[in-house]
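Here's what Swiss-Prot has on this protein:
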- 4-79: domain 'KRAB' (DOMAIN)
- 196-218: zinc finger (ZN_FING)
- 224-246: zinc finger (ZN_FING)
- 252-274: zinc finger (ZN_FING)
- 280-302: zinc finger (ZN_FING)
- 364-386: zinc finger (ZN_FING)
- 392-413: zinc finger (ZN_FING)
- 419-441: zinc finger (ZN_FING)
- 447-469: zinc finger (ZN_FING)
- 503-525: zinc finger (ZN_FING)
- 531-553: zinc finger (ZN_FING)
- 615-637: zinc finger (ZN_FING)
- 671-693: zinc finger (ZN_FING)
Amino acid sequence: MDSVAFEDVAINFTCEEWALLGPSQKSLYRDVMQETIRNLDCIGMIWQNHDIEEDQYKDLRRNLRCHMVERACEIKDNSQCGGPFTQTQDSIVNEKIPGVDPWESSECTDVLMGRSSLNCYVRVDSEHKPCEYQEYGEKPYTHTQCGTAFSYQPCFQIHERPQHGKKLYDCKECASFSSLENLQRHMAAHHGDGPRICKLCGNAFIWPSLFHMLRRTHTEEKPYEYEQCSTAFPAYSSTLRHERTHSGEKPYQCKQCGKAFSCSCYTQLYERTHTGEQSYECKQCGKAFYHLGSFQRHMIVHTGDGPHKCKICGKGFLSPSSVRRHKRTHTGEKPYECKYCGKAFSDCTGFRRHMITHTGDGPHKCKVCGKAFDSPSLCRRHETTHTGEKPYKCECGKAFSDFYYFRNHETTHTGEKPYKCKQCGKAFICCTYLQIHERIHTGERPYKCKQCGKAFRSSNYIRVHEKTHTGEKPYECKQCGKALSHLKSFQRHMIMHTGDGPHKCKICGKSFDSPSSFRRHERIHTGERPYKCKLCGKGFRSSSYIQLHERTHTGEKPYGCQQCGKALSDLSSFRRHMITHTGNGPHKCKICGKGFDYPSSVQRHERTHTGEKPYECKECGKAFSHSSYLRIHERVHTGEKPYKCKECGKPFHCPSAFHKHERTHSMEKPYKCKECGEAFHCISSFHKHEMTH
């Protein structure tokens, strides 16, 4: 077997070359080099068997250190090496490596142990001797020509070089370099046949090891397995980071609040929540982000051009794991199952949050009630329900406890909707709404109910639907005791009590929780009916009303009563019907105790006791207890008969007369006497018959 040359494992970039690399290339470089350093450390005692010169090894360390840090950093009293100390841009130190630390002198190109090294000690690591230290301030090495003094011999030796600081080797195409070796490597990478180009993403690399590392991100090869939990990783450095999740080690602390993290990059991201710094801004919609990963994910919303494509719908994603998660929306796969209640989840985050509801063992606890959460933001959001704090204030005076709701509210003033559907042009305030809307065009319904098989476009819709099977109603109104199955219904209900919806009608002052509800209400005042029935031309204020109306033409009755077999065309009628069997409506009549499903139904019923008839006909003055009775009566004056029999063509002015007539053709007799079994076409005949018993 051929021996491995030093150049096959040691990757050196000059600062000029480093500036030409992309972010993904730099990230891969760090992982490969950290791994290489560790491997070389392991064989450090037997250099003579591997034909690797010690100077090359030290150059390798120095070069890695040169590119392991980010942003310029000014340090006071930095005269030790005769120049300012800088941090090279576009990289982040993910973990500490023995002998690899970020503080570098721009004059001598050597690297010190850290900020503290400048104030206290200088490390000397020569010919593999144990580390020796010198007191800071002592500078035994003085340059005879310029008088500059150094405490560290390598700094002095580099300063003595006549070409120090000069770039003597020019690339005719683009840049200059301080050594012939660096120029040759640059020419191979950018102007020769040297670089290996990845066929999948187009990135180019000189070094085989860096190229192979990139390839693992595409093939998802993970050769480094952590023994304790068998989780595999593409890079050794990732394995070490993962190890901290088991050991609980968090060596990186936030300077402001002391919060600890397992990785320095997480600390840097977290510290931006204190400073408010959002370095990455989207030029298309203006949205700003704390860190690059979130920004890149956001840009895919605009471009749809992620490198990893879904084979089913072609949608692009930033990482293979994101594609896998997305595919589950097509397959319905939910690999994360709760051992306590059997509920399954498609992603790990949702599963972890759910488990906290059983174990109460989240890392972030509410100080008031002790409820646990998996993230500090969720905990803070919850705590505002106790304190009543609403820190996000709009210019209109309305305050919100959550930034997300605040941002959505702001769009009601600005009208800003940056996310636009490519097919119909409809715009939305957030990308989630756009994704759900796009499924209307594609017909995609990835969320299926396990009990009845019904499919839905959104996870919210299926959660609401599943509660119709379980009967779960977790949202209870403290004012009237009414329980509701989902949050939106609860919020709408609360507006009845508070009158504090964000959308207020200028004519009658009534409040609504959403713009769509508000627009529907406005049509009551304007008389606008934009939804027309294709069969009879009748107009309706809402799309849901026209859907119900069309069933009067088609005869569709999807809601069947299991107790008596009666079928109904709409859900509200079905619920009202069920109360006739159970008598268990949440809203009770104060006079007779009868239960109803809606407060409005109770009010209508109570008029049968009080005799109140608030709806009066303008033509003849006749009064009615309900608005629908008035509308039917008005057809007597207008001559309108919208309900036509398909069998004989006879028209009717009200649905009850129409349905009664239809039964003369179908011979259907839905009203059966329990005493003698005789059946009847209509309820009035049935009631008359009952009196004979």
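Every residue, even glycine, has its Cβ placed from backbone N, Cα and C.
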Distal contacts, the zinc finger (503-525) - CB-CB under 8 A, six or more residues away: 412, 488, 491-492, 495, 541-542
Of 252-274, 364-386, 531-553, 615-637, 671-693, whichever stretch has the most CB pairs under 8 A to the zinc finger (224-246): 252-274
Which of 392-413, 419-441, 671-693 contacts the zinc finger (364-386) most, counting Cβ pairs under 8 Å: 392-413
Other parts of the chain folded back onto the zinc finger (392-413), taken as Cβ under 8 Å at six or more residues beyond its ends: 381, 384-385, 429-430, 502-503, 515
Overall pLDDT for the zinc finger (671-693), taken as the rounded mean: 83
The zinc finger (447-469) - residue tally per DSSP class, helix then strand then coil: 11 helix, 4 strand, 8 coil
